[in-house]
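As given in TrEMBL:
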REGION    1-177  region 'Domain I, interacts with DnaA modulators'
REGION    116-227  region 'Disordered'
COMPBIAS  133-183  compositional bias 'Low complexity'
COMPBIAS  199-211  compositional bias 'Pro residues'
COMPBIAS  212-223  compositional bias 'Polar residues'
REGION    227-443  region 'Domain III, AAA+ region'
DOMAIN    260-388  domain 'AAA+ ATPase'
BINDING   GLY271, GLY273, LYS274, THR275  ATP binding site
REGION    444-569  region 'Domain IV, binds dsDNA'
DOMAIN    472-541  domain 'Chromosomal replication initiator DnaA C-terminal'
Amino acid sequence: MVEDQSASAESKAEVNDLDVAWTRVLAGLPPNQRAWLTNSRPVTLHESTAIVAVPDDFTRGQLETRLRPDLERILTESFGRDIRIAVTVDPSLDPELREPAPAPQPVVREQAPVYQSPINQPPNRPLTQPFGQPVEQPYEQPQHQPMQQPYEQPQQQPAQHPMHQPLQHQQAEQPAAAPALQEPTHRPQQPEPIQQIQQPPPPLSVAPPPNGSAQFQPPTDSQGEARLNPKYTFETFVIGSSNRFAHAAAVAVAEAPGKAYNPQLIYGDSGLGKTHLLHAIGHYVRSLYTGARVRYVSSEEFTNDFINAIRDDKAAQFQRRYRDVDVLLIDDIQFLEGKIQTQEEFFHTFNTLHNANKQIVISSDRAPKRLEALEDRLRNRFEWGLITDIQPPDLETRIAILRKKAATERLTAPPEVLEFIASKVQTNIRELEGALIRVTAFASLNRQPVDLSLAEIVLKDLIPEGSKPEVTASMIMGQTASYFGLSIDDLCGSSRSRVLVTARQIAMYLCRELTDLSLPKIGQQFGGRDHTTVMHAERKIRQLMSERRSVFNQVTELTNRIKHQAKQQ
Ligand SMILES: Nc1ncnc2c1ncn2[C@@H]1O[C@H](COP(=O)(O)OP(=O)(O)OP(=O)(O)O)[C@@H](O)[C@H]1O
């Protein structure tokens, strides 16, 4: 912790230095070159790489080609050591795209950049779907299939499974032949077709990848198998000082997968946006590179998949699923702690991908150094790339997140209510969003406008004063079962009677809102259900709360009971 704080203090100092150095850059360039930097700004300095944000790809092309030598020379002189630049596009820097300043109360300082994701720009850059796959497959697929197997410790598996035979290992360690990089096929278009930018700009890489460059193969999986939540994009991600660096690095990685930083590891507490950034990388890569094979997986699913593959003798399919990809996004790596055989398998997956210059992005709830029950060789590998952290957002960022959420979900709430909610919920963004949903649902049920007094009433019970009591899944399940006159076995069982389904979904929703448990962990608590079932339940209850008073009341009453119980413990 102390170490983390000092690292963050150091990075703040460097940001200031970078600002100073940037003024030297501006002073040192001839006017015709300086003009390119009018709307650009330095983002941060990480080791020997200065990340610079520019408003569009055209400017980026200029910085990466014509201006690069001078920029790097002046920065190198300023810092007294070699500095290279990495350029990222932030369209909100374009004065023409900038949102008008918010009227009277300028509480919100951070605005999310409006990413020009090609997904949203069909006319110029259709998203080519190889093999006629649908463009997007719904992310949330309600499934009620119990998991094939409960979460078993992979240690229980036979040590010499074919998946771990020496030959396989050798193959995994071999660098795969990596042909030349194909530039993004869907670079954002520029208004003026100037000859110079007909060439795609050079990649963002700050150092050439060790074994040549990656090439994206035609995908073998469908769009749906990337399993990306359509809501988690860079466009919907609000940037603040707490996540600015992680965001900039994520954009850089998505623009030059396998080249900019490999692996990228994002760490931070629960509910701070790690999963969101992983999905956003996936979307952006897919929109830039035709046919890029992207796979998102939580470490829990990876573990289960591995166990099932061994059980069903499907090692080869398992390996193909995770190794024949261009970008592997692996969430909550801390889940692999203590799981020796899954770590072993992941180690070889990592090596195969890294050797072939395929991008790996990892999230964790802690810095790699603190993943004590993870093998050293894995932790070392995580340190090969770029490690970025996400801190809890400050008040302004929390308000900006609520504004964005309200806009995307079409929820109406005046600024003072958003400020009130943001001041009450300080650490977890999932909880922040949950509070907004409850306030707006309550107003909609009562056909009342959303105002401060209403928000105060709704949040009084949700967020009690004083220290936050720890809520567990068993408390939620116990309270829900007794409230509905059911047993815990009923909640975990397979009956689909209407009352039972609603009770189960409410309990899952509350686990999501009141605990830090991941989706697969919650599914596991409810009789080994799939994580998509939990996602469906969360969405369903959010919707029902604003449509049915009975459901709103049930959720509110249960929250009170659960929090009360937690306080007594
Ligand atoms: N900067 C942000 N801008 C907009 N929404 C955000 C931001 N950060 C987090 N969120 C939202 O907060 C919710 C929780 O985020 P997410 O699931 O990515 O957190 P996490 O760090 O992966 O948590 P966990 O470790 O519990 O899985 C999501 O709905 C996400 O969209």
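Each residue's number is its place along the chain shown, starting with 1.
Cβ coordinates come from backbone N, Cα and C, glycine included.
Unlike curated records, TrEMBL annotations are generated automatically.
Structure coloured by features recorded in TrEMBL.
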{"residue": "GLY271", "record": "ATP binding site", "CB count, 10 Å": "21"}
{"residue": "GLY273", "record": "ATP binding site", "CB count, 10 Å": "24"}
{"residue": "LYS274", "record": "ATP binding site", "CB count, 10 Å": "27"}
{"residue": "THR275", "record": "ATP binding site", "CB count, 10 Å": "22"}
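For the ATP site, the Cβ centre of GLY271, GLY273, LYS274, THR275 serves as reference, and the other residues of the chain with Cβ at most 8 Å from it are GLY268, SER270, LEU272, HIS276, LEU277, SER363, ILE390, ILE429, ARG430. Looking at the region 'Domain III, AAA+ region' (227-443) alone, the prediction's average pLDDT is 93. Taken residue by residue with DSSP, GLY273 (ATP binding site) is part of neither helix nor strand, so it is coil.
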